Amino acid sequence: MGRKVAVLWHASFSIGAGVLYFYFVLPRWPELMGDTGHSLGTGLRIATGALVGLAALPVVFTLLRTRKPELGTPQLALSMRIWSIMAHVLAGALIVGTAISEVWLSLDAAGQWLFGIYGAAAAIAVLGFFGFYLSFVAELPPPPPKPLKPKKPKQRRLRRKKTAKGDEAEPEAAEEAENTELAAQEDEEAVEAPPESIESPGGEPESATREAPAAETATAEEPRGGLRNRRPTGKTSHRRRRTRSGVQVAKVDE
């Protein structure tokens with residue numbers, strides 16, 4: 001039996017059972033209003049239970065068709081069809097048994113119990129109906145996995161740009177530091193330039209002034225890479241002392 005035939009069979013039996021259930025089982029308005037007799041109502045209730053039970057036949061045929069191992073039907077779908085068959089049979093049996101028991105039981109004495117059983121049978125039948133249709137949903141293959149989102153390479157590029165800028169900034173800072181050091185050295189050399197000579201109190205200004213520039217020119221001609229605090233040497237020994245104001249005073253050793 002194909003799927004379409006099984007669905008049409010099950011749907012027609014389910015709709016017929018639902019219509020009969022509403023008019024002759026619960027709430028059975030025609031019988032309560034006196035339009036139909038009790039014997040006719042009892043027969044239609046038994047027919048309702050039979051239709052509910054027979055609605056399990058298309059479920060059985062579908063189970064037998066899809067149970068073959070070569071089809072690869074999921075176990076969940078098979079289990080749902082088995083439970084649907086059991087629900088249909090149980091609901092039909094409850095309706096038929098309760099309808100037969102009304103022959104000896106009156107509604108005044110056990111009406112609430114009878115209606116309770118009818119309601120439970122209807123709930124079980126609804127579960128069986130939906131279980132059959134949901135079994136087809138369980139046969140569907142799982143949805144394909146969502147594709148992974150590609151990682152954004154822009155962040156890496158930004159980081160590389162930042163690192164490149166940082167690398168460029170480092171040599172610039174080093175060059176600026178070297179320039180400042182060179183400027184400081186030039187300032188120091190400018191401060192150490194030969195100041196004006198001051199006459200000594202001993203009465204020999206000319207000899208002191210002549211010897212002082214000669215000694216300073218000798219120190220200026222020395223290479224810059226040597227020691228800066230090296231004192232000049234000559235025929236006569238001199239000692240220079242720098243005051244806080246930056247003026248050098250030459251003293252002649254007697």
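For all residues, glycine too, the Cβ spot is worked out from N, Cα and C.
What Swiss-Prot says about this one:
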- 5-25: transmembrane segment (TRANSMEM)
- 44-64: transmembrane segment (TRANSMEM)
- 85-105: transmembrane segment (TRANSMEM)
- 114-134: transmembrane segment (TRANSMEM)
- 143-254: region 'Disordered' (REGION)
- 148-163: compositional bias 'Basic residues' (COMPBIAS)
- 169-191: compositional bias 'Acidic residues' (COMPBIAS)
- 192-220: compositional bias 'Low complexity' (COMPBIAS)
- 227-244: compositional bias 'Basic residues' (COMPBIAS)
Chain residues in Cβ proximity to the transmembrane segment (114-134) (below 8 Å; excluding those fewer than six residues from its ends, i.e. six or more beyond):
7, 10, 14, 17, 21, 25-26, 49, 52, 55-56, 58-59, 62, 80-81, 83-88, 90-92, 94-95, 98, 101-102, 105, 107
Quickly jot the same-chain residues contacting the transmembrane segment (85-105) by Cβ under 8 Å, restricted to those at least six beyond its ends, or write none.
21, 25, 38, 42, 45-46, 48-56, 59-60, 63, 114, 117-118, 120-122, 124-125, 127-129, 131
